[in-house]
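In what follows, a single structure is set out as structure tokens and then discussed.
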Amino acid sequence: SGGAAAGGRRRRRDGAASAVAPDTTEKLDRQLYEWEQLLNFFEVVERDGKREEARKQRLQAQARGEAAAADAASSAGTTGQKTSGGGGGAAAASAAAAVGGLSLAAGLDDLVMPEIRRAGELYDGDDMEASEEADVDWQSLERLFLGEGWEAELAELRKKVEAEDAESQEAGKGAARPDDGDEEEVEPWGDEVSTLLLGLVEISSKRYLGRSLVTAPPSQQQPGAAGAGGGEGGGEGMVGEEERAAVFWEAPFLLLVQDDSADPLLEYANRAALSALRIDSFDEATAGLSAAGLVDPNHPRSQQEWLWACTEASERVERFATIPSLRLRGPSPGAPAILATDVTVFRLDSLEEQPIGQVIVGRSWRQLLPEEEDKEREEAGRKQGGR
């Protein structure tokens, strides 16, 4: 049994050796093949260098030969001229030229041909070697320098980089969306321009009316504002800059602001004014709408009252005027007439106290019924007829 066991161990060892041997031989052959390809590659590089050097030497030899031939020809020409000038005959000149030509050819052959032959031998030898170039397996060299599977690794790396770029772009878009949303949420009546304009309205109201047009709710009043007494109109119920636009927009009175151009245009209208005049949006109201055009064109007395109040607010020392009632009408066709009462018009100043427009405030209003409009037109017609 011991012999059988020993025989079994020997067979397993021999089997393992026979299994390992081919792998080792294959690896060694592959490595030797790669080294052979590497040597072939270096031979090609070296041979190309030799060929280029031989080409340069051949060109230099040709250049030297051409220069020597040019010098010899010049010397021969000078000798011929001297011979003819000395009084010799034409036959003597021809003979001298023939002898000079033979001497020149022999000299050129001795001087130039060795250089050309030497360069030609180098070049011809290189051409012979070039015709017998070793076959280089470039794929094997590629694997030798870059390793196995480098194309797959490069493709994987490219996918990874593209994925990271896509993620960064998505993250940038995601980060930009909240900002874009915040910008969209800012209404035009609450933007920075409108807020600054309403600040000037508040300052001008305190300056000319002696009071603020609005007061902040108790929850929004600034600490200590109720006890502050500085400034025109006191500090009670002061509206902060952050709440100003919303407070004026939601105010329970009509508020219109016009500029100081020749035909004043509407610069601001709060929600109550837009609703009463049937104007769809703040942008529509401030898109070049004439403020005087909002006065009912069918009511001459309101037209006169409007002109008088605007003139008084500009020229009077007090810079404001009050109208008991004023009839307004929206710009859209079929808009109903609005009767506003307790209307005040006062001058709007810049921070430098220069006039930049006028503010119109209507404390109460109501929509006139069609029957009321018809009745007023009849009364106006009777008065004109009685005159």
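The backbone N, Cα and C atoms fix where each Cβ goes, glycine too.
Nobody curates TrEMBL annotations by hand; they come from automatic prediction.
As annotated by TrEMBL, compositional bias 'Basic and acidic residues' applies to 46-56. The compositional bias 'Low complexity' annotation in TrEMBL covers 60-82. As annotated by TrEMBL, compositional bias 'Acidic residues' applies to 180-189. Marked as compositional bias 'Gly residues' by TrEMBL: 226-238. The domain 'MEKHLA' annotation in TrEMBL covers 241-303. Residues or ranges marked as region 'Disordered' by TrEMBL: 1-27, 46-91, 162-189, 214-238.
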When secondary structure is assigned with DSSP, how many helix, strand and coil residues does the compositional bias 'Basic and acidic residues' (46-56) contain?
11 helix, 0 strand, 0 coil
Composition by DSSP (helix, strand, coil) of residues within the domain 'MEKHLA' (241-303):
26 helix, 13 strand, 24 coil
Mean pLDDT for the domain 'MEKHLA' (241-303), as a whole number?
95
